[in-house]
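Taken straight from Swiss-Prot:
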CARBOHYD  ASN161  N-linked glycosylation site
CARBOHYD  ASN263  N-linked glycosylation site
CARBOHYD  ASN313  N-linked glycosylation site
CARBOHYD  ASN483  N-linked glycosylation site
CARBOHYD  ASN544  N-linked glycosylation site
CARBOHYD  ASN593  N-linked glycosylation site
CARBOHYD  ASN650  N-linked glycosylation site
CARBOHYD  ASN663  N-linked glycosylation site
CARBOHYD  ASN770  N-linked glycosylation site
CARBOHYD  ASN778  N-linked glycosylation site
CARBOHYD  ASN849  N-linked glycosylation site
CARBOHYD  ASN889  N-linked glycosylation site
REPEAT    113-136  repeat 'LRR 1'
REPEAT    138-161  repeat 'LRR 2'
REPEAT    608-626  repeat 'LRR 21'
REPEAT    818-842  repeat 'LRR 28'
SIGNAL    1-24  signal peptide
Amino acid sequence: MGKRTNPRHFLVTWSLLLLETAFGLTSREVNKTLCIEKERDALLEFKRGLNDDFGRLSTWGDEEECCNWKGIECDKRTGHVIVLDLHSEVTCPGHACFAPILTGKVSPSLLELEYLNFLDLSVNGFENSEIPRFIGSLKRLEYLNLSSSDFSGEIPAQFQNLTSLRILDLGNNNLIVKDLVWLSHLSSLEFLRLGGNDFQARNWFREITKVPSLKELDLSVCGLSKFVPSPADVANSSLISLSVLHLCCNEFSTSSEYSWLFNFSTSLTSIDLSHNQLSRQIDDRFGSLMYLEHLNLANNFGAEGGVPSSFGNLTRLHYLDMSNTQTYQWLPELFLRLSGSRKSLEVLGLNDNSLFGSIVNVTRFSSLKKLYLQKNMLNGFFMERVGQVSSLEYLDLSDNQMRGPLPDLALFPSLRELHLGSNQFQGRIPQGIGKLSQLRIFDVSSNRLEGLPESMGQLSNLERFDASYNVLKGTITESHFSNLSSLVDLDLSFNLLSLNTRFDWVPPFQLQFIRLPSCNMGPSFPKWLQTQNNYTLLDISLANISDMLPSWFSNLPPELKILNLSNNHISGRVSEFIVSKQDYMIIDLSSNNFSGHLPLVPANIQIFYLHKNHFSGSISSICRNTIGAATSIDLSRNQFSGEVPDCWMNMSNLAVLNLAYNNFSGKVPQSLGSLTNLEALYIRQNSFRGMLPSFSQCQLLQILDIGGNKLTGRIPAWIGTDLLQLRILSLRSNKFDGSIPSLICQLQFLQILDLSENGLSGKIPQCLNNFTILRQENGSGESMDFKVRYDYIPGSYLYIGDLLIQWKNQESEYKNALLYLKIIDLSSNKLVGGIPKEIAEMRGLRSLNLSRNDLNGTVVEGIGQMKLLESLDLSRNQLSGMIPQGLSNLTFLSVLDLSNNHLSGRIPSSTQLQSFDRSSYSGNAQLCGPPLEECPGYAPPIDRGSNTNPQEHDDDDEFSSLEFYVSMVLGFFVTFWGILGCLIVNRSWRNAYFTFLTDMKSWLHMTSRVCFARLKGKLRN
């Protein structure tokens, strides 16, 4: 639901300000304070016990004046150290967070700091050591924070001596919290956090309620569902000052486990019950908490009844989060039940639920600043009735089924972020968008919007604009961008737009993300890109550019991560890519007219696509840089030649390599076999020769396509023993000889096996029925795409390979072949013997081609079990005997070729088999029956049930038909008017009938909604 303010921060800030005021600390006065020698030595001794790998204590000891050391503050009058603050700041520069922690032990030398009142050692690593007992002797402490610092053991009982303590934070350690008796001595304590430890204190409620000044209590992740206070303890509780209560992640499943909190109805202002397991209706008693301002119920299992009507009493509520609670409720009703807080509510989180209906007039909530409604079932309109001007600053309606036009957006002049993506909005983006002067993010992606107004150009604060995947039409000119000086992220992907700007146009922005695929920007290369110096992503694919690559384009920004110029008609040479400062690069220049030698590949390249161009010459330059980060390389369909260099062992992360359709020669490099992460290898249609090197280490390999080369030798046994993940194996059009190894039958995931056009001999293995996928009748195969890893949000870069296969007697290339095709092709070899009967067990097979071999014997009798078979080619063999009757059961069969064998007898009668051309059966001298000549002496069977008098039979049929239709009309007339007449005459019947219909309609509607909501919830969980 976005970044939220923790109430604890207000308390801490307030406490720190009080400390600063009380001790009169200013940086200017501290600098004049003289350090006390004894305390300086104590601090240096404390430093010696720590490991400072990040130099955070580098100032300690550089000068005599310890009051100027980092993290130290002294009293301006006495010089005593009063503040020791060594907490680590957590930063998240990328996708991982980092903190420069201190490690080691806490030295008892701190006892020399007798006047210390502020100690913060949080977010460090004290190596599972116990909290030093001597800290309990620092009696002047008012602030103690040891959270997230890897302390273990029990909390020292000596903490009872810290009677001046106002803030105590021991959260997120490995502490064992057994006894809290010491708490009752801390009469000044206002803030207590014990969450995220091994909580075992059964007496927790009794002891905590003895702390008279406690205002904020954090017991998150304490497993409190196991320690429910007794009714007697609750009745005797006297904690009347408690204002803020954090109970997140305690495995509460019913309200009875936290009902004690309603005893503090006169003081509680903030409650956090998020991330529990509450699965029933929300407790009505929340409505009795008259001072409640902040309520977080997010991420629970279910709020069956939605927002209860008692919430109308919460007139001070300004924050409510019910996101991801499986709330099923009509949205207008929900807003009605919150009407009591319409003047106070500022933040409302309802995302990830099953809310339905339209967006009501939210402008009635005059203080509402943030509204989260994404990922629901909203299926109506956006504000059917126009209201007053709204104070909303953040609105997210994405991932719903909202429809209709957008309202007048001028009603939301304070909006900073507007997320409307993944809906069904239609029409034009309203002109009023130009009046949202504070708007920073505008996302209308994945809708059906058609028009983009020029008023967009007035949004001087707009930073991100995403209108991708709509049906936007027309021409974009400079006017659409005239004042977008803050814009850094522009996404107009996959619309019907043309970008028409002056040749010398200089945009007012400096973009970081440029996504304009399928926008018509041609035919010239857009010169305004020369003015952009900071982009990390540039995608102008499918932009209808037919131009030479300009010389200035080689000056790419050093921040560049992703470059996509694919599917244009750009020509010219690419000599070298800029060396990016980033950890990785993705370059896609595919489907253009680039020529020349292979450009020098950047060392940080992760995805590199040059396929479908006119590059030529050697690719030896690929070895000049160690491109160990590369995960996917596609150089296919160019004019590269020569031997492929043997340097692939340095690309240990490579998952996809496609070198197909080039003029490579020589041997397949041995180092390819060292790529343990390789999933797909395409080297078909080259001139590789010699033996195939071992790929036994490539145990993740799913596609091995090496067809159309001059490889020799036997099919290696390691294919069957080590490549157990194979889904496609294509060795077609090579010079392999010997028999098909039976070990190949261990490839249980295999969907396509193509060994055609080789010199294979021997018998077909009888174990082909071990191909598990090919035995399954139900379902299609898996997709042939690979989600190649890379570090750019929103996720993986999809690589979809293609495959050259013989399908229905035609050689074709298929993308995503595995979604549908299940094929065995052993044609054009020298195989002998019979067709194994086990082959009929492959009931999921769609194409079987055994043609052009020397197979003998009969056609397998059980072939009729292969119900999904669409193509069967057994031609040009030595097969004999009759065509099995079961062949007539193959209703999907559209290609059949049994020609040029020694088959005999009559072709089985069926609509399917007789529909094929004569050529499907030709070359079988003893075969007869349609579509060939009829067999000699054949007489069609007589229908013994036929009538000897056809005319009489026809008359009977005519009479029966007439009688049937007359009776049907009379029956309908009597029944219809009988029921309708009763309803007209009898009013009570009429009312009952229509009430029944209305109730039935409502029941069906609500039942379907509830079932859908529950199913949606289960899928999310």
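The backbone N, Cα and C atoms fix where each Cβ goes, glycine too.
Mapped onto this structure are the features recorded in Swiss-Prot.
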residue: ASN161; record: N-linked glycosylation site; contacts (Cβ under 8 Å, 6+ apart): GLY136, SER137, LYS139, HIS185
residue: ASN263; record: N-linked glycosylation site; contacts (Cβ under 8 Å, 6+ apart): VAL234, SER237
residue: ASN313; record: N-linked glycosylation site; contacts (Cβ under 8 Å, 6+ apart): GLY287, SER288, MET290, GLY340
residue: ASN483; record: N-linked glycosylation site; contacts (Cβ under 8 Å, 6+ apart): GLY457, GLN458, LEU459, SER460, PRO508
residue: ASN544; record: N-linked glycosylation site; contacts (Cβ under 8 Å, 6+ apart): ASN520, MET521, GLY522, PRO523, ASN568, HIS569
residue: ASN593; record: N-linked glycosylation site; contacts (Cβ under 8 Å, 6+ apart): HIS569, ILE570, SER571, ASN613, HIS614
residue: ASN650; record: N-linked glycosylation site; contacts (Cβ under 8 Å, 6+ apart): CYS623, THR626, ILE627, GLY628
residue: ASN770; record: N-linked glycosylation site; contacts (Cβ under 8 Å, 6+ apart): CYS745, GLN746, GLN748
residue: ASN849; record: N-linked glycosylation site; contacts (Cβ under 8 Å, 6+ apart): SER756, GLN806, ILE823, ILE824, ASP825, LEU826, SER827, SER871, LEU872, ASP873
residue: ASN889; record: N-linked glycosylation site; contacts (Cβ under 8 Å, 6+ apart): GLY864, LYS867, SER910
Positions whose Cβ lies under 8 angstroms from the repeat 'LRR 2' (138-161), at least six residues beyond its ends: 15-16, 19, 87, 110-111, 113-132, 167-179, 181-183, 185-186, 188, 193
Please spell out the DSSP helix, strand and coil residue counts for the repeat 'LRR 2' (138-161). 5 helix, 7 strand, 12 coil
Same-chain residues at least 6 beyond the ends of the repeat 'LRR 21' (608-626) with CB under 8 Å of its CB atoms are 566, 586-602, 632-645, 647, 650, 658
Kindly report the helix/strand/coil residue split of the repeat 'LRR 21' (608-626) according to DSSP, in that order. 4 helix, 6 strand, 9 coil
Taking the Cβ of ASN663 (N-linked glycosylation site) as the reference point, list residues of the same chain whose Cβ is under 8 angstroms away and which are at least six residues distant in sequence. GLN639, PHE640, SER641, ASN686, SER687
Determine, from DSSP, whether ASN544 (N-linked glycosylation site) sits in helix, strand or coil. coil
